[in-house]
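Just below is one structure, and these are the notes that go with it.
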Amino acid sequence: MSETAKKVIVGMSGGVDSSVSAWLLQQQGYQVEGLFMKNWEEDDGEEYCTAAADLADAQAVCDKLGIELHTVNFAAEYWDNVFELFLAEYKAGRTPNPDILCNKEIKFKAFLEFAAEDLGADYIATGHYVRRADVDGKSRLLRGLDSNKDQSYFLYTLSHEQIAQSLFPVGELEKPQVRKIAEDLGLVTAKKKDSTGICFIGERKFREFLGRYLPAQPGKIITVDGDEIGEHQGLMYHTLGQRKGLGIGGTKEGTEEPWYVVDKDVENNILVVAQGHEHPRLMSVGLIAQQLHWVDREPFTGTMRCTVKTRYRQTDIPCTVKALDDDRIKVIFDEPVAAVTPGQSAVFYNGEVCLGGGIIEQRLPLPV
């Protein structure tokens with residue numbers, strides 16, 4: 001580290017990963033400060049609202065490490081740039097991924113700008129399980145060392161410029177190591193469970209929460225053969241490949257296998273189901289993606305061989321990618337894939353390197 005230590009602002013969520021990130025950066029000689037972002041205005045007293053507890057934990061960690069904790073409210077930015085689009089996608093019958101949008105608009109845009117302009121930061125840091133590597137003057141996004149926790153899928157919209165201004169200390173570690181460091185340091189977050197639920201909104205009852213903002217429109221549930229076997233409470237509550245929560249568990253036909261959502265007919269408000277998690281109607285040979293983001297920001301032309309994930313924690317799928325125009329690509333899988341879901345993201349890899357990705361516009365069904 002140079003004589004004048006570089007200043008890093010760590011996004012402190014009140015969790016173990018950001019806590020340990022701050023300590024690791026201190027050990028590396030950086031001048032470290034924390035920032036707690038409030039991105040949702042609580043409108044109830046439900047137990048799912050944990051912002052106050054998270055702030056208290058973040059403050060306790062910063063006090064223990066001897067660093068300053070700043071706070072900022074990005075609720076307006078979150079509503080305008082993340083939540084409204086999230087609702088619009090659900091209304092259109094698609095299944096969006098708010099965490100990806102939140103990283104794009106809040107953590108690596110609003111936070112990055114605030115840290116640089118208002119707090120004089122040289123870098124920001126987060127507790128994401130990813131790594132960066134600088135190659136040929138550009139910063140690359142790499143998978144986290146812990147393949148169980150790798151979060152590169154959620155960060156594919158970042159540009160090489162944003163990655164160059166970001167540090168990911170826990171990306172070089174495995175989760176048990178991170179927890180052990182926190183325990184050894186006596187941090188209050190050491191045994192805190194990992195957060196789940198919608199980015200920044202927390203662990204609310206999703207159906208109830210969504211119902212506040214979008215009116216439910218009940219409709220028919222039909223089989224692939226056209227038989228009506230039930231009623232859904234709203235297409236927005238269902239996604240392709242879903243098994244639980246359909247309310248038709250006792251309905252037996254044919255194979256007696258469980259029912260899965262295989263299609264959503266938005267125009268007619270109909271949910272289509274079939275039996276078996278590998279039913280041909282659930283399988284796709286490829287997809288069309290749009291709203292492309294390539295980490296190196298170079299336009300993609302021609303074709304390439306790589307691997308793709310169509311959802312988080314999925315095993316990499318070998319595929320061929322072909323450019324259709326500036327902002328659309330066609331992806332053909334080597335083998336058919338189940339539950340490819342419009343609105344979700346397709347993220348591409350070359351080995352450890354995350355190349356970028358796009359939003360799934362449509363799936364290319366298996367010919368039957």
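In case you wondered, yes, glycine gets a Cβ from its N, Cα and C as well.
Marked as active site, nucleophile by Swiss-Prot: C102. A helical conformation is recorded for C102 (active site, nucleophile) in the three-state DSSP classification.
According to Swiss-Prot, the feature active site, cysteine persulfide intermediate maps to C199, an assignment based on sequence analysis.
The ATP binding site annotation in Swiss-Prot covers G11, M12, S13, G14, G15, V16, D17, S18, M37, G127, and the record cites sequence analysis as its basis. Under DSSP, M37 (ATP binding site) is assigned to a strand (E or B) in the three-state scheme.
For C102-C199, the entry in Swiss-Prot reads disulfide bond, with the evidence type sequence analysis.
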Lowest local Cβ density (other Cβ within 10 Å) among binding-site residues: G11, G15: G15
Pairwise Cα distance maximum in Å, ATP-binding residues per record: G11, M12, S13, G14, G15, V16, D17, S18, M37, G127: 16
Integer Cα-Cα distance in angstrom, G15 (ATP binding site) to C102 (active site, nucleophile): 17
